[in-house]
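One structure below.
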Number of protein chains: 2
Amino acid sequence: MGSKASAPGKAILFGEHAVVYGKPAIALAIDKRATITIKESHRDYTRIKSDDLDLEAILSPETGLKLKKGEMGILNYILKALEFYHDSTPINIKLKISIPIGAGLGSSAAVTVATIAALDNYHKRKSTLPSIARRAHRVELEVQGAASPLDTSISTHGGLIYLDKEKIEQIKGDLKDSLVIGYTRSEETAKMVKLVKERMERHPQIMNLIMDAIAHITRKARKALKSDDKECLGELMNINQGLLDAIGVNSKSLSEMIYTSREAGALGSKITGAGGGGSIIAYSHPDRTGQILESLTARGYNAMKANPSTRGVLIQ
Amino acid sequence: MGSKASAPGKAILFGEHAVVYGKPAIALAIDKRATITIKESHRDYTRIKSDDLDLEAILSPETGLKLKKGEMGILNYILKALEFYHDSTPINIKLKISIPIGAGLGSSAAVTVATIAALDNYHKRKSTLPSIARRAHRVELEVQGAASPLDTSISTHGGLIYLDKEKIEQIKGDLKDSLVIGYTRSEETAKMVKLVKERMERHPQIMNLIMDAIAHITRKARKALKSDDKECLGELMNINQGLLDAIGVNSKSLSEMIYTSREAGALGSKITGAGGGGSIIAYSHPDRTGQILESLTARGYNAMKANPSTRGVLIQ
C-alpha cells in the first residue's frame, strides 16, 4: 500500500506586499515541484526522509520526534499535516523537491499540499481541490502564525492566477520559456511585511500612492498578459520593481540580480515574493533566457529557468 | 587689469525629474566651485585654459576657435558667455574647477555663472544676483536647447533651496558634514528626461501616482530638514530613490553605489540629478561619512565628501 502526490511551487509576477493592503496580485505555478511518497512501515515509528534536503527524522508515539539529519524548516509542515490528517499508524514518507527552500517560491505550500493529497489518497479519502487548498492553508497558518491563502491555492490549482480581495481567478498569458528565477535562501517574509507596515505608518500618504500605483500596474499587466504585449509586461515589471525598492524590500544582491538580468536582455525583472533576500524573476523573449541564466550564475547567484505549470496538485 | 569670480556646483536632494512635471524640488549649493580668472592679453587672440580639465583653446577674430587640448564640453558655455557679455578684446581666461564634469552636479551652470560675474567685474558693469542668474540661464538655454533655471539659480545664490513652480525659496536645514557624493561621468540629462516622458506617455496613470508620491516626499523632506529629523530625511531619500528607479533612470552602477552607501551607514542615499549614470548622494551622521567614502572608493567609484555652501557667486 502506497501513495504519491506532487504539487508545484509558485512565483509572484505582480503585486506582492500590495496584496496585504487589499490590492490585486498576479502569480503563477512553476514547473518545480514537491513530491511526497508514502509507504506502509513495518517498524513502530514513522520515518520522514528527503535526500534533496539532506533531511531525516523519526516520529514515534513513545519517544516523539527525533531529528537525525537536517533542519526543522520544511519538516514542520509535514508534521502538522500528519497531526491533522493522519492517524498514528507508522509510515515511511519521502520528500523529493526541486523548489528552492526559503526563497519565496512557495516551497512550504507545495510540500503541505502534496502531503495532504498523498495522505488523503493513502487513507482513500475522497477529496476536492478546494478542500486540499483550504486544509493546506490551515496547516500554513498553524505553522507560521500568519499566511496568505495565495501560495497554497496556486500550488493546489496550478496555472496563472489573478487574486483580487481573496477572489482567485485563472487568467490567460503565454509565459512559456520566458522566465528565469534567481534566488538566495534568505527571504524573511514576516520581517519584510513588518518593515513595510512600519513605513506605511510613518508615511501613509506617500505609501498609499505607491500601493495605488502597484494596483494600477497589476491591472494593466493582466491586460498585457491577455494581449501578449511583451514589451509592456516587461516595463510594468520594471516599474513594479522600483516601487518595491521604494517600500523598502530591495537589497544589494537582489538589485544586482535585477540589473544583471536586464543587461543580459530581460524585458523586465523584479523581486518575486517578500524580498529582503529571496528571489528575483526575469522575463524575456525565449531566446534570451539562456543568456540571463548564464549572467546570473557567472556572478555567483543561484538561478534556474522556470516554466508556468498548468498542473496543480497531482495524485500519481 | 584683472577679474576673478567663482560659483558653486549643486546637488539635488529631492524631486529631480518630478520637477519637469510641475512638482517641487529641493537642492543645495555644494562646496565645490568653478573659478574664472580674466586677465588682459597682449596678444591678438583670447586664450581659454584649464589645467584641471586639461583644456586649452584660442579664439581669434580672424581664425575663429582653435581647440588645442581637451574637449569642447564646458568650453561651449564660456564661449557663449563671451559672445553675449564680452566685446572682442583679447583676454586670458583661466578656469579652475573642483566640480566633477558631466555628473549632474551643476558644473556647466557654475562655469557659466562664474564667467558672467567675472566678465561683469572685468568690464566694471554693475550687476545683481538675479541678473547674473537670469543671464546664466540664457547661456545654458542657448548651449543646451533646454535648461531648468534651477542650476544657474543655485549656483548664483548658494544655500539650500526649495523650488516650487519656478518660485525659488531659501529654506533651513543642517546638512553640514553629512553628505557624500559618488559620481561617474556619464549623466545624460536630455536622454533621461526623454525616457521618463515616454514612460509617462505609455503609463500616465501609474506615472502620475509616482510623481505625486515624489511631490509628497519633497514637501515632507522640507519639514524634516527644518526640524532636523535625520532618520525621516534619510528614509524619504530612500523612498524617492525607489521611485526614481520606477520611472526608469536608475542603473546598475548607481544602484550599487546606493546600496554600498547604505551598508556603510548612510541614513539615506539616492540618485542626484538626471540619473542613467551621473551621481548619487548619501546622507549620514557626520561620523559615518568617512566610512561611506571609503566603501565607495574601495569599489572603484569616484566619491567625495560635500558640504552645503551658503555662498553663491563670489567676486574675488
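Cβ coordinates come from backbone N, Cα and C, glycine included.
So that you can see what the record holds, here are the features copied from TrEMBL:
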- B:Asp151: active site, proton acceptor (ACT_SITE)
- B:Pro100, B:Ile101, B:Gly102, B:Ala103, B:Gly104, B:Leu105, B:Gly106, B:Ser107, B:Ser108, B:Ala109, B:Ala110: ATP binding site (BINDING)
- B:76-159: domain 'GHMP kinase N-terminal' (DOMAIN)
- B:221-301: domain 'GHMP kinase C-terminal' (DOMAIN)
Exercise for the section: Taking the recorded ATP site as B:Pro100, B:Ile101, B:Gly102, B:Ala103, B:Gly104, B:Leu105, B:Gly106, B:Ser107, B:Ser108, B:Ala109, B:Ala110, identify the other residues of that chain whose CB atom sits within 8 Å of the mean position of the site's CB atoms, giving them in sequence order. Expected result: B:Gly9, B:Ile99
Exercise for the section: Rounded to the nearest Å, what's the C-alpha distance separating B:Gly102 (ATP binding site) and B:Asp151 (active site, proton acceptor)? Just drop the number here, would you? Expected result: 13
Exercise for the section: Give, as a single whole number between 0 and 100, the mean pLDDT over the domain 'GHMP kinase C-terminal' (B:221-301). Expected result: 97
Practice task
Rounded to the nearest Å, what's the C-alpha distance separating the residue listed as 'active site, proton acceptor' and B:Gly106 (ATP binding site)? Just drop the number here, would you?
Solution key: 6
Completion exercise
According to DSSP, B:Pro100 (ATP binding site) sits in coil
Practice task
Report, as a single number, how many Cβ atoms besides its own are within 10 Å of the Cβ of B:Gly106 (ATP binding site).
Solution key: 28
Fill in the blank from the handout: Taking DSSP helix as H, G and I and strand as E and B, the domain 'GHMP kinase C-terminal' (B:221-301) has 49 helix, 10 strand, 22 coil
Fill in the blank from the handout: B:Gly106 (ATP binding site) -> DSSP, reduced to three states, gives coil
